[in-house]
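Over in Swiss-Prot, the protein carries these features:
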BINDING   GLY66, PRO67, ASN68, GLY69, ALA70, GLY71, LYS72, THR73  ATP binding site
DOMAIN    34-266  domain 'ABC transporter'
Amino acid sequence: MQIPFLHKRKRGKKPSAAAAAARAVDKARYDGTLIARGLTKSYRSRRVVNGVSLVVRRGEAVGLLGPNGAGKTTCFYMITGLVPVDEGSIEINGNDVTTMPMYRRARLGVGYLPQEASIFRGLTVEDNIRAVLEVHDENVDRRESKLNDLLGEFSITHLRKSPAIALSGGERRRLEIARALATDPTFMLLDEPFAGVDPISVADIQALVRHLTSRGIGVLITDHNVRETLGLIDRAYIIHAGEVLTHGRANDIVTNPDVRRLYLGDNFSL
């Protein structure tokens, strides 16, 4: 799949009204999309990501997969804002966020859930969510209403007064996602959500991701647990040697001979 590139504006000349209108139309065209174009990253003389392009749309779950050392994690971290981009661009809803820090990307609709526990351990469940709401909404009544809605939506109302440190793994993940949704993100970036969890928690996380997409949120997942991820996503990009080897739906990925030879192995099945 080819990703269309936006035309770059020449410097020096003030844009005409027609040109400004054309750019507004072009920006609207990309509303509801997260687009990475030609991402490239080198460390010293080694190029670890070489021209990776991908698209995530609202309401779909997309996997970013590949063998160890393929460059998928570096690519994912460039999209989150944790790693600077050497070449290429990243756009959220038509806004160029390539050089923006994480907090500015968050304001434009990007939520990020790291692999490590990110709860505020010294706070209760409700205060974990309230702390985020206080930053994003000055209206107390509206904050409390949204807090109650999120607690109910993720079935943790009965835990609202519990210390966050006492939660189980599945409860903690529900709290983390509920807290991330307090900012009303358009996209969620999930880093290794299936790492080190038991089978019951795997099913719980899969249900949570499906819930996010049903909300109209686009989800980008990177994970080493291939079977669990492929069983959940709408599409996947397979990264090998720093480049996109192929992309498509799960069945297309699994039956691709290059993917089986270089990544999944001959005996892999969903």
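Backbone N, Cα and C define each Cβ position, glycine as well.
Features recorded in Swiss-Prot, as mapped to the structure shown.
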residue	record	CB count, 10 Å
GLY66	ATP binding site	27
PRO67	ATP binding site	17
ASN68	ATP binding site	7
GLY69	ATP binding site	12
ALA70	ATP binding site	22
GLY71	ATP binding site	22
LYS72	ATP binding site	24
THR73	ATP binding site	21
Cβ within 8 Å of the mean position of the Cβ atoms of GLY66, PRO67, ASN68, GLY69, ALA70, GLY71, LYS72, THR73: remaining residues of the chain near ATP: ILE239, HIS240
Conformational class of THR73 (ATP binding site) under the three-state DSSP mapping: helix
Reported mean pLDDT - the domain 'ABC transporter' (34-266): 93
